[in-house]
Amino acid sequence: MSTSVESFADLGLSESLLKTLSEIGYETPSPIQAQCIPILLDGHDILGMAQTGTGKTAAFALPLMEQIDLKVAKPQALILTPTRELAIQVAEALQSYAKNLPGFHVLPIYGGQSYTIQLKQLARGAHVIVGTPGRVMDHLERKTLNLDNLKTLVLDEADEMLRMGFIDDVEWILEHTPEQHQTALFSATMPEQIRRVAQKYLVEPREIKIKSATATVAAIRQVYWQVSGLHKLDALTRILEVEDEFDAAIIFVRTKTATVELADKLNARGYAAAALNGDLNQQMRERVIEQLKSGALDIVIATDVAARGIDVPRISHVVNYDIPYDTEAYVHRIGRTGRAGRTGNAILFVAPREIRMLRTIERATRQPIAPLTLPSRADVTNKRVAGFKEKVAEVLNAEGLEFFANIVSQLCEEQNVGPEEVAAALAMMAQEGKPLQIAGEDPVPPRPMRESRGDDRRPAFGERKPRFEERGERPRFEDRGERSERPRFEDRPPRADRPPRPAPAGDMVRYRIDVGREHGVEVRDIVGAIANEAGIESRFIGRIGLYEESSTVELPAGMPAEAANALKRTRIRGVPINLRQDEGRPTGSFGGERKFGGGERKFDGERNFKKKKFDR
Ligand code: AMP
């Protein structure tokens, strides 16, 4: 770890939050937490360069929670996020940190969710609002959200908000919040526009940047698996089973709770595994390491701190089950293998949203990390069969087989079958409890992740399960169910990074909406509203015609009813859009401006519109 802060208690957090952190299994602050928490507790503004996976949510959430007056049921903190998924995740994180704060209420509000529900929830009162810019702006305009009591404003993933075209909304919100509040702006990158926003709205901000120190790693084979299609646990056991050089492994997770859970699950699958975390006293810790050395244990599941300094030459594999917070932690972790002149293997599990961290690690270690193809069912079966044959071959060379050969002859005679059939029956008996073939399907391999086109973006709607689903928990916020039924549109990078492209292929249907230029609406407002409310990525939004009183927009045929319903209820600039299929010809003068791919394309009137047909 790149920080000397060893404990959350050193950061100035209250007893109740410290208790919660210990209960949820956070042992030590991540580097960004160690840096941000004291600064925010001191009341300063922060400009933080940090990406997903660094622990930034807790870095801003914990200090802002310290400032909440629970007796005042009014929004005292507002967190803006680019997507509804992130809004929900952040709200969930806050809810989990509020375990020992009775009456604490956090509310996620985002496009696509019914206004009726949101209005009810807002009226009930919430201490913290986590929302997407468009919807927050809407509520502020309608005066259904009042920020008079605001103490903290957080802009999370600001560059992503910029990329998605929400920066004007964000600035509008910043303009409409009371002067006196603390502001924290987090962004993985710091493009000029974000810097400008920071200069304009942050007061003497402290700049926080997690250093990614370059380091060289020993000759360790480094690979990553893109988490997709299979639970991490199943992937882990498949990989461990076919890895040729497997002898012993150390598996890194983030929380002490996770060390215990994973150890239990691996034990249940027949592995000799144990947890190693900060709850173990020195004697117990030494015992675990001794057992790993002697071979009584093959796998140890550890947190960063607990695994420091472990030197066990037989560790052939380090698995980063949860990605580390920074490159330094990565280098420390993988340094547990490849010791005493042996070869080492480091396997990293990377969720799509963590791709940026993967690239940062590669840059810092100056070594590429190769993608690992998940072993197929056939691979695992072949490996098991090979192992089985080896065992049989050993026994074939052993003494004292006559007695059994005699039994086989008797069986052949009595059952009137050949020796192969008897051998097959015996083989079947022998695999009981540990079948040679694994059940289930092979997952479809994921599309490769590319950084340059921004694939670490938040996924499109429906692409990623929110964390509560990954954890197998039930949603805590009322109307989450709707999200999983949303259309799943193809993977694609965010707008600003993509080249202009032709209109989407496939059948399109033209719709009319009751907002136009006279309402101050621009093309990007329409794209933003549709993207946010119906979860349709802008790629799938066809031509848009912007007229005086109304506009037309082409959307993919076969839009799910739910998305259509969401759009029927949508307002743009406060005006109900009243989406319906468009039968007639466009009316009014056209002077639309289509913003796309980070650039602008201007269309100058009806003639151009007809000729170009809103060519994108
Ligand atoms: P974030 O970067 O905020 O999205 O956090 C990434 C993950 O790290 C989440 O699953 C958090 O629950 C987890 N996490 C954050 N801080 C800590 C910590 N100090 N100890 C253990 N896990 C943490």
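From the backbone N, Cα and C atoms, a Cβ is placed for every residue, glycine too.
Over in TrEMBL, the protein carries these features:
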- 6-34: domain 'DEAD-box RNA helicase Q' (DOMAIN)
- 6-34: motif 'Q motif' (MOTIF)
- 37-208: domain 'Helicase ATP-binding' (DOMAIN)
- 235-380: domain 'Helicase C-terminal' (DOMAIN)
- 436-507: region 'Disordered' (REGION)
- 448-500: compositional bias 'Basic and acidic residues' (COMPBIAS)
- 577-616: region 'Disordered' (REGION)
- 592-616: compositional bias 'Basic and acidic residues' (COMPBIAS)
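Note on the domain 'Helicase ATP-binding' (37-208): its mean pLDDT in the predicted model is 94. For the domain 'DEAD-box RNA helicase Q' (6-34), the number of residues in each DSSP class (helix H, G, I; strand E, B; coil) is 18 helix, 0 strand, 11 coil. Per DSSP, the secondary structure of the domain 'Helicase C-terminal' (235-380) breaks down as 64 helix, 28 strand, 54 coil.
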